Amino acid sequence: MGLLAAIGVLLPFPFYWWLWTNAQSWVNLCGRERDPSTVMARVSHVLKAAQLLSLFSVASLSWPPPLYFWPLMAFGQFLNFRVYQLLGEAGTYYGVRFGKNIPWVTEFPFGVIRDPQYVGSIMSLLACLSWVPFQYILLWSLGYVFMMFLESKEDPNARAKSIS
């Protein structure tokens, strides 16, 4: 089950890489009738479910969790929800790459924490260390670090042109 769990944990990252590097292809594939950010969100939710199932397949759940669980999970999820609240679906799911005009956000956590959604996700993963073997948490976290690096090299000329 270890190899399948590792594959499941890594499953979304090739998809995200492909979208980031082939934004116009994704916009064309979605066509005029479907919003590329919404379609990306739906696919991402399915892939996230596969990731979580992969973690559960190797987890040893126990109660109560260690004390470090609560602040890491709470602040990590706060960051995730706050990013979504400020950016919305289009801002969270590569809307800028897909040719949408997304306003620049400077409210917390932006301007204070670099890549707050990824930081929040990594914090949430670290909260689960008492239940999930370290190598799976590390693998998933390295996927986020890879995406942070990839997205830091954004070239405005590589953005998709809207087909609407």
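Every residue gets a Cβ built from N, Cα and C, even glycine.
What Swiss-Prot records for 1-21 is intramembrane segment.
Long-range neighbours of the topological domain 'Lumenal' (22-30) within the same chain, counting only residues 6 or more positions beyond its ends whose Cβ lies under 8 Å from a Cβ of the stretch, are 36, 39-40, 94, 97-99, 158-163. Taken from Swiss-Prot, the feature topological domain 'Lumenal' covers 22-30 (among others).
The transmembrane segment annotation in Swiss-Prot covers 31-52 (among others).
In terms of DSSP secondary structure, the topological domain 'Cytoplasmic' (53-69) contains 7 helix, 0 strand, 10 coil. Feature annotation from Swiss-Prot assigns topological domain 'Cytoplasmic' to 53-69 (among others).
Look at Swiss-Prot and you will find 70-90 (among others) tagged as transmembrane segment, backed by sequence analysis.
Under 8 Å, Cβ to Cβ, and six or more positions away along its own chain, Gly76 (S-adenosyl-L-methionine binding site) finds Val119, Gly120, Ser121, Ile122, Met123, Ser124, Leu125, Leu126, Ala127. Look at Swiss-Prot and you will find Ala74, Phe75, Gly76, Glu154, Asp155 tagged as S-adenosyl-L-methionine binding site.
Averaged across the topological domain 'Lumenal' (91-131), pLDDT in this predicted model comes to 95. Annotation source Swiss-Prot lists topological domain 'Lumenal' at 91-131 (among others), citing sequence analysis.
Non-local neighbours of the transmembrane segment (132-151) in the same chain are 5-6, 9-10, 12-13, 16-17, 20, 51, 54-55, 58-59, 115, 118, 121-122, 125-126; each lies 6+ residues outside the stretch with a CB under 8 Å from one of its CB atoms. The transmembrane segment annotation in Swiss-Prot covers 132-151 (among others) and is backed by sequence analysis.
The feature topological domain 'Cytoplasmic' is assigned by Swiss-Prot to 152-164 (among others).
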Checklist entry - Hey, which bits of the same chain come close to the topological domain 'Cytoplasmic' (152-164), Cβ under 8 Å, at least six residues off its ends? => result 21, 23-24, 26-28, 31-32, 36, 96-100
Checklist entry - Looking only at Glu154, Asp155, the binding-site residues on record, which one has the least crowded Cβ, with the fewest other Cβ atoms within 10 Å? => result Asp155
Checklist entry - Residues sitting near the topological domain 'Cytoplasmic' (53-69): Cβ under 8 Å, six or more positions beyond its termini, same chain? => result 1-2, 4-9, 11, 127-128, 130-133, 136, 140
Checklist outcome for this item: Other C-beta atoms within 10 angstroms of the C-beta of Ala74 (S-adenosyl-L-methionine binding site) total 13
Checklist entry - Do any residues at least six apart in sequence from Phe75 (S-adenosyl-L-methionine binding site), in the same chain, have a Cβ closer than 8 Å to its Cβ, and if so which, in order? => result Gly120, Met123
